[in-house]
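Below is one structure; the comments refer to it alone.
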C-alpha cells in the first residue's frame, strides 16, 4: 500500500467548488490501484455523489466500502480479495468495516444491491423521458441506459456480473433476487410507460424474467472475455429480443404446459 498526498478540486453541481487536501490510500496488488479519485469516478454506479466521498459520516463510509469492495474484487478476483484490501482502498478502519458487514460476502452482496438500485433508477428516468415519443422509444432508451452503465464503469460491472458468480450460495441467491427485482421493475416501468403511451403492450413477468436472466449471463460472458466492443452486439440483440417480446404482431402464441 502507498500513500499519496494530493490536492484536488471537485466541482459539485449547485455547490461552490471544494478543494480537498488529503492523504489518499491506494491499494497496489497486481493491477489494482485505487485512490479517492477512482472511488469517486465509480461512485455513481452506487448512487453516490462526489460530495458523499468528501464527508466522514457513517453512511458515506459505508458507501466507500461498497465501491471499494467492487473495485478490489474486479481487480483481484473474488478469491483474491480480502477485507484488508477493501478497507485500505476505502480509506476506513477494519472496525468500521465490521460495524457495517459480517464479512466480505455480505459487503459484496450489499454492493451488488446498491448498483441494481442505482441502475434501475437511471433506467426508469431514461425510459420515461423517451416514452413521450412512444412506448418503443421508451423501452429502447431504458435498455441503452443499462449498457451505458456497463461501458462507463466496466470494473464495477465485472465485479457484479462475473466475480459475484464465484462466491457462495448465499451470494448467488442474492444475484437471483437481483434479477427478479429487475424483472419486477421492468414490469412496473412498462405500466408507467403505458400511462404515457396507452399502446404499450403487456407482457408476463415470467417472460421478462427469462429474458433478463439470459441477458445477464450473456453480459457476463462478454465481461469475462474482456472484449467490451461485443457489448454493442449484445445491446442490439437485447433490443431485438424485447421488440419480439413486446410487439403484438410478433408475440409468440401461448404454449400449453406439459402435464
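Backbone N, Cα and C atoms are what each Cβ position is placed from, and that goes for glycine too.
Note: TrEMBL annotation is automatic and uncurated.
Per-residue pLDDT, averaged along the domain 'HTH cro/C1-type' (22-53), amounts to 71 for this model. The feature domain 'HTH cro/C1-type' is assigned by TrEMBL to 22-53.
As annotated by TrEMBL, domain 'HTH tetR-type' applies to 59-119.
If you look up TrEMBL, you'll see 82-101 marked as DNA-binding region.
Mapped onto DSSP classes, the DNA-binding region (82-101) shows 15 helix, 0 strand, 5 coil.
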